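Written below as C-alpha cells is the structure these notes are about.
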Amino acid sequence: MRAETRPPLKTTEEGMARLDAWGLKPEQLPRHVAIIMDGNGRWAQHRGFPRIVGHRRGIQSVRAVVEEGCRLGLEQLTLYCLSVENWKRPPRELRFLMRLLRHFLSVERAELMDQNVQLRMIGRREGLPDEVLAEFDRTAAATAGNTGMTLRLAVNYGGRTEIADAAKRLAEDVRDGKVDPSRVDEALFAGYLDTAGASDPDLLIRTAGEMRISNFLLWQISYTELWVTPTLWPDFRGADLLQACTDYAARERKFGGLPASALAAGTPAG
Ligand code: IPE
Ligand code: IPE
Ligand code: MG
C-alpha cells in the first residue's frame, strides 16, 4: 500500500498566530508527530499521589496536543498509550488504564468530531477487554469520514510484535499464492504493518527524559527526528509541542544523502 499523499492540512488562523509568535512557517512543521507519553507515574509520585493519578492527569496533555495539532494543521499524531510490555504492571494499574481509555474514547468522541479528527488504533486487539475494543470501534466508525488530523492510538502495541505479525500475514499470503516472494520489498512489507498507508513519523517526541525507544514504531522511525524532553507527560502542553517543532525545523534531514548546501555547491566526484 502506498503512503498517504493527500495535500497538507490547513493551519487555522489561531495556529498561524502561534506559528508567527514562534517564528515558524506551516511548511516547516512535521506532518506526522509520534509521542512516547512517559512520566505519568513519576508525576504522581513526586506529589505523593498513587501512580494512577498521573495517568488521569495525562489525559489533559492528550487533549492539549490534539487541540494544538489540529490548530497547526498536523496530518497525523500517533500516541503510545500502552505497550505489550506494560502488561507486566500491577493489575490494579492496568484496570485503571483500561477504564481511562474507555472513558476517553466515549467522552472525547464529540470533541473529536468537532475537531474533524479521524481516530485509529494500532496494536494487538487480542488481549484488550471487549468493552475497550467496542468503544474504539464506535469512535473509529464515527470519525472515519473526518478529513482533518489522524489521531492514532497505539494500545497493546509493540514494534517487534507488529513486525512479527506482519511477517506472519505475508508468509500466509505467499503460501496461498497471493504474493510472489520476488515482489517482497520495503513498500510491500510496510503494507502489512498496522500503519499501512500512513507516512512515517517526521518527529518522535519522548517525555520524561529516557533516551530509549521502548519498542515503539521500530520499522517506521528509521529516519525520524528524535526529540527528548525532561518534562513529564502530565505537564506537557501545546507550547512544548511548538518547542519540539521549532527544534525540528532547525534540523537538516539528509536521509543518508548530503546536505542541500553541499549539493548546491557541487561536490567533488569520487
Ligand atoms: C507512561 O507513564 C504511561 C504508560 C506507560 C502507560 P509511566 O506510567 O511509564 O510513568 P513513569 O515512567 O513510571 O513515570
Ligand atoms: C513506554 O513507556 C510505553 C508508553 C509510553 C506507553 P514505559 O514507561 O513503558 O517505558 P520503559 O519501561 O521506561 O522503557
Ligand atoms: Mg514510564
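Using the three backbone atoms N, Cα and C, a Cβ is placed for every residue, glycine included.
Straight from TrEMBL, the features:
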- D38: active site (ACT_SITE)
- N86: active site, proton acceptor (ACT_SITE)
- D38, E225: Mg(2+) binding site (BINDING)
- 39-43, R51, H55, 83-85, W87, R89, R206, 212-214: substrate binding site (BINDING)
Report summary line: Hits among D38, G39, W43, R206, E225, i.e. recorded positions with CB under 6 Å from ligand 2, come out as D38
Query raised in the report: Got a sec? Which of these binding-site residues, W43, W87, has the most Cβ atoms within 10 Å?
Result: W43
Requested in this report: Just give me the nearest neighbour of E225 (Mg(2+) binding site) among the recorded positions D38, H55, V84, W87, I213, Cα to Cα.
Outcome: I213
Query raised in the report: Which of the binding-site residues G39, V84, W87 have a Cβ less than 6 Å from any atom of ligand 1?
Result: G39
Query - Neighbouring C-beta atoms (10 Å sphere around the C-beta of G41 (substrate binding site)) - result: 20
Requested in this report: Under 6 Å from ligand 3 by C-beta, which of these recorded positions make it: D38, W43, H55, V84, I213, E225? Sequence order, please.
Outcome: D38
